[in-house]
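S.K.: The structure is given below, and queries will be raised subsequently.
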Amino acid sequence: MKLAVIGGDGIGPEVTAEALKVLNAVRDDIETTDYDLGARRYLKNGELLTDEDLASLREHDAILLGAIGAPGSVPPGILERGLLLKMRFALDHHVNLRPSKLYDGVESPLRNPGKIDFVVVREGTEGAYTGNGGAIRVGTAHEIANETSVNTRYGAERVIRYAFELAQSRRKKLTLVHKTNVLVHGGGLWQRTVDEVAKEYPEVAVDYNHIDAATIYLITDPSRFDVIVTDNLFGDILTDEAGAVSGGIGLAASGNIDATGTNPSMFEPVHGSAPDIAGQGIADPTAAILSAAMLLRHLGDEDNAVRIETAIAADVAGRDNSQPISTTEVGDRIVKALQS
């Protein structure tokens, strides 16, 4: 397995090291290439992501990312647009996959959360984040600005098919989230596509929620969901809420996936670079390790993905949450569990 590793900034390299430790405990064929991408490189020479970087990344089977960001040193938006979004579009990461699971031993902010175990499939390369917009008369009382949400049948269908395949392998329920009563053109495209693709998956139950209703149900009845499929903007909102109800983003992993396999997909923890605790050895690497499990599953290694997830579930359930986290100790415990 040829693995591109982007440790990134802050705690990113620390948690990524533990994810690699766990990967090497279950596989002996991993060949890694480290990439200096993120705030450190940008502050040093102004580079974000070059064509040479992209060409080199494409030579790998997958990408493991730690975290990107340097609040206070790099203005907001520069790394997001110039590195993360550029990589997403260049490598056609059209599926953003975000599992949400409440583990035993983890406290949800919800009083009676029930069983939380669902996945959000978010479209990643269209919608309101394509940069299709503009502004005139900026800074005046007559300023006009617009952002156009771009939706194509091709883009929506490939994500919807991915979601149906996922639902078929899980509890066989798919929920489309949109705002079709107001966004009649883009929403209509998504609804029609779901209705048509659903005919090929008769065993999958399909329902629909408006985005406002879905945000409520994630709080009041999260166990109703199995697989949620939605567009880029609504998915951005739902995935962060999903992380919150399942105990916080410290346990949230994600995948940015080219479902065709043409380009390497990227897997990362959802949390940020947390520069305030970087270098102290107290960052929780669990989300990074879960990202590594997602990476293995994407590459067809289901057995080892399940082994890692099982070890994590047992470790999380047995933690003394009154004691501080040790980054390396968490990785060591997971490795020990895998080797026992």
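All residue numbers here begin at 1 and follow the chain in the order shown.
The backbone N, Cα and C atoms fix where each Cβ goes, glycine too.
Heads up, here are the entries from Swiss-Prot:
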{"type": "BINDING", "residues": "ARG88, ARG98, ARG122, ASP212", "note": "substrate binding site"}
{"type": "BINDING", "residues": "ASP212, ASP236, ASP240", "note": "Mg(2+) binding site"}
{"type": "BINDING", "residues": "GLY272, SER273, ALA274, PRO275, ASP276, ILE277, ALA278, GLY279, GLN280, GLY281, ILE282, ALA283, ASP284", "note": "NAD(+) binding site"}
{"type": "SITE", "residues": "TYR129", "note": "site 'Important for catalysis'"}
{"type": "SITE", "residues": "LYS179", "note": "site 'Important for catalysis'"}
S.K.: Note down the number of other Cβ atoms within 10 Å of the Cβ of ARG98 (substrate binding site), including every protein chain shown.
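M.R.: ARG98 (substrate binding site) is surrounded by 23 other Cβ atoms within 10 Å.
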S.K.: What does DSSP call ASP240 (Mg(2+) binding site) in the simple three-state scheme?
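M.R.: Looking at the DSSP assignment, ASP240 (Mg(2+) binding site) belongs to a helix.
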S.K.: I'd like the number of other C-beta atoms within 10 A of the C-beta of ASP212 (substrate binding site), please.
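M.R.: Around ASP212 (substrate binding site), other Cβ atoms within 10 Å: 9.
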S.K.: What is the total of other Cβ atoms whose distance to the Cβ of GLY272 (NAD(+) binding site) is within 10 Å?
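M.R.: A count of 16.
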S.K.: Under DSSP, is ASP212 (substrate binding site) part of a helix or a strand, or is it coil?
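M.R.: Once the DSSP labels are grouped into three classes, ASP212 (substrate binding site) ends up as helix.
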S.K.: Measuring CA to CA, name the entry from the binding-site residues ARG98, ASP240, GLY272, ALA278 that ends up nearest LYS179 (site 'Important for catalysis').
M.R.: ASP240
S.K.: What Cα-Cα separation, expressed in whole Å, is found between ASP240 (Mg(2+) binding site) and ARG98 (substrate binding site)?
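M.R.: With distance taken Cα to Cα, ARG98 (substrate binding site) is 9 Å from ASP240 (Mg(2+) binding site).
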S.K.: Which of the three DSSP states, helix, strand or coil, fits ARG88 (substrate binding site)?
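M.R.: Looking at the DSSP assignment, ARG88 (substrate binding site) belongs to a helix.
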S.K.: Let me know the most crowded of the recorded positions, choosing from ARG88, ARG122, LYS179 and counting other Cβ atoms within 10 Å.
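M.R.: Sorting the candidates by Cβ neighbours within 10 Å, the top entry is ARG122.
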S.K.: Using DSSP and three states only, what is GLY272 (NAD(+) binding site)?
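M.R.: Its secondary structure by DSSP: coil.
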S.K.: If you count Cβ atoms within 10 Å of the Cβ of GLN280 (NAD(+) binding site), leaving out that atom itself, what do you get?
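M.R.: GLN280 (NAD(+) binding site) is surrounded by 13 other Cβ atoms within 10 Å.
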